[in-house]
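Below is one structure; the comments refer to it alone.
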Amino acid sequence: MAGILAWFWNERFWLPHNVTWADLKNTEEASFPQAEDLYLAFPLAFCIFMIRLVFERFIAKPCALGLNVQANGPQKAQPNAILEKVFTAITKHPDEKRLEGLSKQLDWDVRSIQRWFRQRRNQEKPSILTKFCESMWKFTFYLYIFTYGVRFLKKTPWLWNTRQCWNGYPYQPLMPDLHYYYIVELSFYWSLMFSQFTDVKRKDFSIMFTHHIVTVTLISFSYVTNLTRVGALTLCLHDSADILLEAAKMANYCKCQKLSDLLFLMFAIVFIISRLGIYPLWILNTMLFELYEALGNFPALWFFNTLLIVLQVLHCLWSYLIIKSAYKAISRGKAGKWNPLHVAKDDRSDVESSSDEDDSVPRSNNPHNTTTTNGTSGANGTNGYLTGSTCSEDH
């Protein structure tokens, strides 16, 4: 194991020429980032996770109920042992052949069976109340950490001149405020990975889980290699748009459509300016050119730059999708019914709905059987705020 760790943390890869890990050990005069500091993120992540549970239960939920956010989930499917067995053990999306077989077995028409499976799938998706509480928690955290980051960074010289990020690098003492900022951000992303196992699972679970792993990896390695100055700039820049996105989602869940439209428009503007303008001119420029001019080339530089460029490609893709979805919504006169990052079909959608099905109970294939066992309707607008829409507003 010692040999593997020595190979992985090879100084010739991670550090500039003629610099060793021994040079970055803490002394009485100065403290530097240490790999052992990252262990602090685990107990802090657990604390953040517990704070979230308390926050959502005693703060976010009462706020949601006070704002008349819908507390009930989608309409539940009628209990049926045969269909439930197919749903849990075989498939949640039966094909035409299986639908016809079930139709003959149950004496239901195919359309009723399709509706049952749709309602059953909707039962596993989070309610609007749950999504509001989640957004309010993220909004609160992003607002706090962004405010803290701005207050800290505005006092630093590298905010106004990114070349200062490399003045004396890597022998830059770690400031207590910067250490706190980095560890809290890292802990938050660890807590998001924890919460994914307790939250209602969405279709993009694996994608989001992978995203959080990549984020944690980038934060951790940039901390160990003392790239904390440019890392802090990157974190603060990305948090700015997330605040507005979560605020827009909360307004949408409260059915404050005009406010949601305005907040999403502000989010789109801030996102595009920060990710397509400031990020390449500020972050990429200093990493690709200013760091190279100051210290020359070393392997870890290309490791970080490759990931940052991949991030910029994603920024371009997301910006395109935001503009496209907003344009479509406005051109159709349905401003607000957009989905900023999943235009065609939201993998985290609230419910599946159908505009041509008003009945919520099965109908027998027998033409003489015209009675129903449940008079409620809800195939159209089943979650209380979607009507005839195939994708939700949630991101």
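Keep in mind that glycine also has a Cβ here, set from the backbone N, Cα and C atoms.
The transmembrane segment annotation in TrEMBL covers 38-55 (among others).
Annotation comment: TrEMBL describes 83-127 as domain 'Homeobox'. Taken residue by residue, the domain 'Homeobox' (83-127) breaks down under DSSP into 32 helix, 1 strand, 12 coil.
Sequence annotations record features per position, and here TrEMBL assigns DNA-binding region to 85-128.
Residues or ranges marked as transmembrane segment in TrEMBL: 128-150 (among others).
The domain 'TLC' annotation in TrEMBL covers 130-331. If you average pLDDT over the domain 'TLC' (130-331) in this model, you get 90.
Per TrEMBL, transmembrane segment is recorded for 262-282 (among others).
According to TrEMBL, the transmembrane segment annotation covers 302-323 (among others).
What TrEMBL records for 346-395 is region 'Disordered'.
Taken from TrEMBL, the feature compositional bias 'Low complexity' applies to 362-384.
What TrEMBL records for 385-395 is compositional bias 'Polar residues'.
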Q: Give residue numbers and ranges for long-range contacts of the transmembrane segment (262-282): same chain, 6 or more residues beyond its ends, CB-CB under 8 A.
A: 162, 233-234, 237-238, 240-241, 244-245, 247-248, 251, 312, 315-316, 318-319, 322-323, 326, 336, 338, 340
